[in-house]
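Let me begin by presenting the structure, written as structure tokens, before commenting on it.
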Amino acid sequence: MTKTDPAPMAPPPRGEEEEEEEEDEPVPEAPSPTQERRQKPVVHPSAPAPLPKDYAFTFFDPNDPACQEILFDPQTTIPELFAIVRQWVPQVQHKIDVIGNEILRRGCHVNDRDGLTDMTLLHYACKAGAHGVGDPAAAVRLSQQLLALGADVTLRSRWTNMNALHYAAYFDVPDLVRVLLKGARPRVVNSTCSDFNHGSALHIAASSLCLGAAKCLLEHGANPALRNRKGQVPAEVVPDPMDMSLDKAEAALVAKELRTLLEEAVPLSCALPKVTLPNYDNVPGNLMLSALGLRLGDRVLLDGQKTGTLRFCGTTEFASGQWVGVELDEPEGKNDGSVGGVRYFICPPKQGLFASVSKISKAVDAPPSSVTSTPRTPRMDFSRVTGKGRREHKGKKKTPSSPSLGSLQQRDRAKAEVGDQVLVAGQKQGIVRFYGKTDFAPGYWYGIELDQPTGKHDGSVFGVRYFTCPPRHGVFAPASRIQRIGGSTDSPGDSVGAKKVHQVTMTQPKRTFTTVRTPKDIASENSISRLLFCCWFPWMLRAEMQS
């Protein structure tokens, strides 16, 4: 029977694989902490998170005395407590067991759902085990309490079509995987999720490089030979180390270990071919260099950005394939020529960097009166390797780089230059004043001077100045959030009339939004956006209600 969702925005229809659930009853308007627990689950309408009067922060802090007064107040409703749980901040997620217990005390059924995200308390508990933001111990305590009360492990969120085990695998919480599978039916461990190409929890762990969760799933009988909708086994969805950026040596090491683990777990009787990822382990390093017209000791350009001296070429212990080791001119590297206790070459600390062979080209010093242009050199075809985004150092204008494979791909992907007029998040118009790495967040960021005072700063963040603009005219955004709307300009243009939408961008491991879209658009896209929607939309909704 189809469930009627009383929430303002109903989630999309359930997938074919979702288990049948009991029909929900209408939500009581004012549940009491002393009320007896209902016999059937309901869907609670969305509500804003309560905050103390004149509170200095925009999020709820259960450690604050004023917030504790609200948390333990019998008049605080279940929808309001669900709104608190949705806040993706450590202060809230570390207290998931305390908040969850308060929800249960108010007569909440163990399988009740949050009307905004269609998630149950067990879903939230599994999400709260995420390392860095959540607390696995608190998440396990609440999960054990919910399971003892009869929580259904097979229930799925209709936004993501994920059950509790999928969330635990996605956020790499092995302790929760063990708790969930302890008394679950055998088919739960191999239950699939349509948002991950109908892959199992093991597929989800493999694609997210969750080594701990993958090991735990295999220990509990997960099928390593199960194929998803694309015909891939879990080992085949592990990200390829050759596609990773220059400074992802640790992630490459995890990918190699995880892929080996999953390959070896495939039964010998199963006629499955080994995973066919690009592998150049048997190609001598000198042949690779000869194909590039290089030799050890040559000056090289790394990804069209960093210059250094080629010190190593060959196979490594941290990832499959051929890698080059470069001693950089500046201390912008990651090591001293050794990774994981294995030394490949010697250089000063922070000046060693490893990269795939396709990301280097021979560097040629330019004549004083001409523009640098590196001659073309023979290159091997690495069709699966893509170059990193461009980088511009603070305080310096970037000179034209050599037409290497990486730099050509950078130009194709480039969105805007310094001085270009852009549209930020589809709403705010401004001029690019900065592009490069920052101290406040990893990756490459655009610094934009907005036409209107709707920004956050004057070009400086945490005492570090990246560009100069009037107060509240500065804002930073990743490349995915901007759109070039004109050529280079020195003065701001007229602002484009657009409806103002208050937005808070929340960060989770390995996941970002691309543009501002309606909830319907977000729900219809890939699993990453739909999963993060559960955390992001409540913040935007709360900002709208306050305005």
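Just so you know, glycine gets a Cβ as well, placed from its N, Cα and C.
Feature annotations, courtesy of Swiss-Prot:
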COMPBIAS  400-409  compositional bias 'Polar residues'
LIPID     Cys534  S-palmitoyl cysteine
LIPID     Cys535  S-palmitoyl cysteine
MOD_RES   Thr374  phosphothreonine
REPEAT    160-189  repeat 'ANK 2'
REPEAT    197-226  repeat 'ANK 3'
For the repeat 'ANK 2' (160-189), what does DSSP give as the number of helix, strand and coil residues?
20 helix, 0 strand, 10 coil
By DSSP, what is the split of the repeat 'ANK 3' (197-226) into helix, strand and coil residues?
16 helix, 2 strand, 12 coil
Over the repeat 'ANK 3' (197-226), what does the predicted model average in pLDDT?
93
